[in-house]
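Written out below as structure tokens is the structure these notes cover.
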Amino acid sequence: MLQTEVISEEKDGAGPSVEAENPEDRIKARRNRIAARAQAKKRLEKLENEAKSGIEKFNKIMNRWTGAKAKVIHQELREDLKTQQQLCWQIVEDKNKLINELQQELKGRDDGFVKDRKREAEEMDLLLERMQEQISSLKKDYKKELDLIETSFSEERSDLLTASRKKWEQQRKERSKKERMKMLEEHDSLLDRLRMESAEEYNKIKVKLETDVQHLEQDLQERKATYQINQEKLEYNVQMLKKYDEECAILKAQQIRRLTRLQDVRNNLKKKCAIQEKQSCEEIQSLTNKYKRLMQQYKDIQNRIRHFAAVNAKRYEEVWLMNEDEAKALVCRGLDLDRVICEQVLGLPWSLPTLPFMDHASPKQFQRTAQQVAAHVLGEKDRTQDQKEQETGQDESTLGGSGRRTGVDPKTVKRLLELLCDEMGFLVEGKLLKLLSSMEKNEQTSLKLEFIFSENMLVNKHAESETGLIHPNDLLRALRAFTAQYSKVRENPRDKRSALLLERMTDSEVKAYWENITSIIPESKLKVWRALEAGLKKYQ
């Protein structure tokens with residue numbers, strides 16, 4: 001009990017820290033600690049001596065009780081009792097005196113502790129004031145640099161827009177010219193087809209009318225032949241046909257009227273044919289003019305639609321990318337703050353949460369397989385280094401047997417994976433590299449490999465059905481050939497892919513995407529931040 005009190009007193013009375021940057025503070029702290037230890041040692045000796053003297057006095061009192069029991073006279077017993085009481089009061093006074101001394105020393109220690117705390121609070125306020133000044137100066141510098149960057153970005157964007165507009169206008173004129181030529185060819189072919197159809201219809205009507213005229217002429221010839229035969233019969237049988245003379249005259253008049261009527265019909269049909277041909281030509285001309293006018297209107301409307309659609313899509317994509325970059329920057333900043341709070345303030349381990357909005361399209365099965373294999377291979381060396389030489393020999397013999405079965409050395413695979421991670425590191429984003437910098441080397445390598453595999457889409461079902469496995473001995477050559485073939489980065493593939501994704505995304509998917517970004521910091525951690533902020537404010 002006394003030793004624990006001495007240790008606590010040494011800690012409380014230490015004064016300035018031994019680890020302070022000022023040499024005078026360190027010397028003063030060491031002197032205070034030596035003086036506190038000397039006082040504690042002296043106080044301990046004093047307490048031990050007091051305890052020994054108290055035990056001796058107590059034993060003396062107890063021994064006097066044995067002598068008092070042998071006495072019978074009341075006066076002697078009374079005198080012995082008074083003597084015992086005086087000795088007991090003397091022991092109590094000594095103890096009270098020692099308690100008062102210890103209380104005075106404790107009070108002095110408390111006063112010193114309060115003074116040290118006040119001095120530390122003043123130093124902490126001074127440190128906070130200097131930190132605030134540095135933060136304000138850094139903010140001003142960062143703001144100036146950000147303004148310069150925004151100005152350069154605006155100039156570059158205006159130049160790109162001007163060049164794009166010129167290129168788009170040139171391509172639009174070329175396409176308009178090609179479409180005009182194509183429309184003229186189509187109109188010519190349509191006119192030829194309509195002309196041919198009208199000519200065929202006219203020929204059919206003409207043939208039909210000529211056939212009718214031939215039939216009528218043939219009928220007329222037959223009638224004339226009949227008339228001649230009848231006339232011969234009349235001449236031959238004048239007397240027999242006199243009574244039929246009127247009937248023949250009537251029949252002749254009827255035939256003449258019929259012939260006249262047929263001639264009138266033929267003339268009317270010729271006039272109608274001419275009128276119909278003229279009307280057909282006029283109708284064809286009017287339809288052609290109307291068709292040209294409608295096609296010109298349709299072309300103008302299509303140009304306007306394409307222009308406004310392109311402008312709206314481009315503006316939407318620019319706004320989307322700007323908001324997405326800003327949101328990702330805020331997410332990275334929030335994760336960095338969360339890591340600093342967990343590791344430096346709370347002293348808790350921190351792990352990187354999943355970032356689904358930064359993950360590109362890739363087969364989930366391949367991601368799981370790559371992560372498991374990389375984690376297994378990267379952790380193999382750490383596990384084998386912790387074993388003894390005898391166990392290492394046994395593991396090497398076991399790995400040799402398995403190597404004969406599989407043909408792959410785990411160390412070689414580990415070196416190949418690290419080489420692949422270094423060579424293909426340009427695919428990993430800078431923000432993700434900042435988040436991975438706080439992790440261990442093996443975890444960084446496994447996460448980088450997972451991101452590289454998902455970015456390049458190395459595995460799919462179609463490739464697995466058509467290609468076979470690579471022999472382990474040819475693995476290094478295959479990796480070199482692969483990196484040599486695909487080392488060149490494609491021109492803005494992410495922009496094209498993002499544009500296609502934006503066109504295909506629905507309103508619900510867009511809403512879910514932004515809500516996923518806003519929920520990267522859970523409500524539980526926000527509560528912890530609020531509680532920590534309240535605690536820090538109270539501490540200040």
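Along the chain as shown, residues are numbered 1 onward.
Quick reminder: no glycine exception, Cβ is built from N, Cα and C everywhere.
Note: TrEMBL annotation is automatic and uncurated.
If you look up TrEMBL, you'll see 1-27 (among others) marked as region 'Disordered'.
The annotation coiled coil is assigned in TrEMBL to 30-64 (among others).
Here TrEMBL flags 31-123 as domain 'Dynein regulatory complex protein 1/2 N-terminal'.
Annotation comment: TrEMBL describes 114-148 (among others) as coiled coil.
Long-range contacts of the coiled coil (199-226) within the same chain: residues 255, 259, 262, 266, 269-270, 273, 276-277, each at least 6 residues beyond the stretch ends and with a Cβ under 8 Å from a Cβ of the stretch. Annotation source TrEMBL lists coiled coil at 199-226 (among others).
Mean pLDDT, taken over the coiled coil (252-304), works out to 88 on the 0 to 100 scale. What TrEMBL records for 252-304 (among others) is coiled coil.
Sequence annotations record features per position, and here TrEMBL assigns compositional bias 'Basic and acidic residues' to 379-391.
Residues annotated as region 'Disordered' in TrEMBL: 379-407 (among others).
If you look up TrEMBL, you'll see 512-539 marked as domain 'Dynein regulatory complex protein 1 C-terminal'. In terms of DSSP helix, strand and coil, the domain 'Dynein regulatory complex protein 1 C-terminal' (512-539) has 24 helix, 0 strand, 4 coil.
Across the range of the domain 'Dynein regulatory complex protein 1/2 N-terminal' (31-123), the DSSP-based residue counts are 90 helix, 0 strand, 3 coil.
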